[in-house]
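Undergrad: Before we start, here is the structure in question, set down as structure tokens.
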Amino acid sequence: MTRIFSGIKPTGHLTLGNYLGAVRQWVETDQHKADALFCVVDLHALTVDHDPARVRRLSRQAATLLLAAGLEPARCTMFVQSHVDEHTRLSYLLECTASDGEMRRMIQYKEKSARERASGGSVRLSLLTYPVLMAADILAYSADEVPVGDDQAQHVELTRDLAVRFNHRYGHTFTVPKAVLPTVAARVMDLQDPTTKMGKSHAETSGIVYLLDEADVVRKKIMRAVTDSGSSVVYDREAQPGVANLLEILASCTGGKPADLAERYDSYGALKRDTADAVLELLRPVRERHAELCADPGYVDAVLRAGAERARQVARPTVDAAYAAIGLMPPA
Ligand code: TYM
């Protein structure tokens, strides 16, 4: 059976980008077609300046939202990364497989380290090695497919390289995974700056739709989205990035094609109104279910406990095999 692994980092409140780019595929397709594992990757949230209480709170919130979005514990395995030691155990072996040049070429490292330096902070070593831990997340589970948004494609490519290199040097140990991107909305852009990704850890929030935003806030953010100077509605990411972003969001919510939808509109106002309606329609049940689940934290804990138990069982044999393959002496 196909094995699927994916993760989400609790560095901020989940956004419409996370939902359309990743979580929706997990809910609608992945958990039904494969042995799927989904992880709140809390260790990854420690790679930048963080507040311990906030990371803890956001981890619980992310797990609760994944359930609210429709992940079913009977169909998939959901857990928190730091509850399963195999991730960090394997990560070190992969650090011994990767090169520092490879890490420095990662686009997210370049962007995030530049931002940290510009704001006078120091860059944590873990920000550089982040993609190695991500590779460990994936390889520990022998995942065949990794459903992600476009911004993670380079990290999955690196994971493939590391798996192939390790297998070549030490004998076949890892499955070589592939990234699976959604056909639309693989990169939802910020509504106020449609040339940058809608990111959950950005400081300026007026262009970001959060899954838990109140309905009137969502509507306001979409109605105020930056559009382009032309007056006609066309789907052209280069010339009209703001309009193209709205068309992609609308297409993703309604199942249409962005270019076809463009033909239906002759004003930006109507496009925004319909996009807001479609987003609200999609998010309403998620918000309602989230409120119900918040009233039952014991249920979320039980799901995560059982998930971690199963995850350990899946990961341990592969990680043990990697320890043996690389030349470490087994305990007596
Ligand atoms: P993270 O937490 O930034 O995002 C979680 C998922 O949401 C997707 N995504 C988007 N998709 C479309 N448009 C956007 N604006 C947008 N923003 C985020 C991301 O591509 C991702 O699929 N490094 C990963 C977490 C991770 C992981 C893993 C993922 C750690 N280990 C192993 C897969 C497998 C990250 O920071 O995702």
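Backbone N, Cα and C define each Cβ position, glycine as well.
Straight from TrEMBL, here's the annotation block:
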- LYS9, PRO10, THR11, GLY17, ASN18, GLY149, ASP150, ASP151, VAL188, LYS197, MET198, GLY199, LYS200, SER201: ATP binding site (BINDING)
- ASP137: L-tryptophan binding site (BINDING)
- 10-18: motif ''HIGH' region' (MOTIF)
- 197-201: motif ''KMSKS' region' (MOTIF)
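Mind running through what each feature is packed against?
TA: Secondary structure at MET198 (ATP binding site), taken from DSSP and collapsed to helix, strand or coil, is coil.
A C-beta separation below 8 Å, combined with a sequence spacing of at least six in one chain, links ASP137 (L-tryptophan binding site) to PHE5, GLY7, CYS39, VAL41, GLN81, HIS87.
Under 8 Å from some Cβ of the motif ''HIGH' region' (10-18) lie the Cβ atoms of residues 40-42, 44-45, 48, 50, 55, 58-59, 61-62, 65, 149, 185, 187-188, 197-202, 208-212, 249, 279, 283, all in the same chain and six or more residues away from its ends.
Among residues of the same chain six or more beyond the motif ''KMSKS' region' (197-201), those with a C-beta under 8 A of the stretch's C-beta atoms are 11-18, 48, 151, 187-191, 207-210.
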Undergrad: Less than 6 Å between Cβ and the nearest atom of ligand 1 is the rule; apply it to the binding-site residues LYS9, THR11, VAL188.
TA: LYS9, VAL188
Undergrad: Which entry in the list of binding-site residues, LYS9, LYS200, has its Cβ near the fewest other Cβ atoms, using 10 Å as the limit?
TA: LYS200
Undergrad: So how far apart do the ATP binders LYS9, PRO10, THR11, GLY17, ASN18, GLY149, ASP150, ASP151, VAL188, LYS197, MET198, GLY199, LYS200, SER201 get, largest Cα to Cα in Å?
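TA: About 19 Å separates the two most distant Cα atoms.
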Undergrad: Looking only at the motif ''HIGH' region' (10-18), what is the model's average confidence as pLDDT?
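TA: Mean pLDDT, the motif ''HIGH' region' (10-18): 96.
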Undergrad: Give the three-state DSSP assignment (helix, strand or coil) for ASP150 (ATP binding site).
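TA: Note: ASP150 (ATP binding site) is helical by DSSP.
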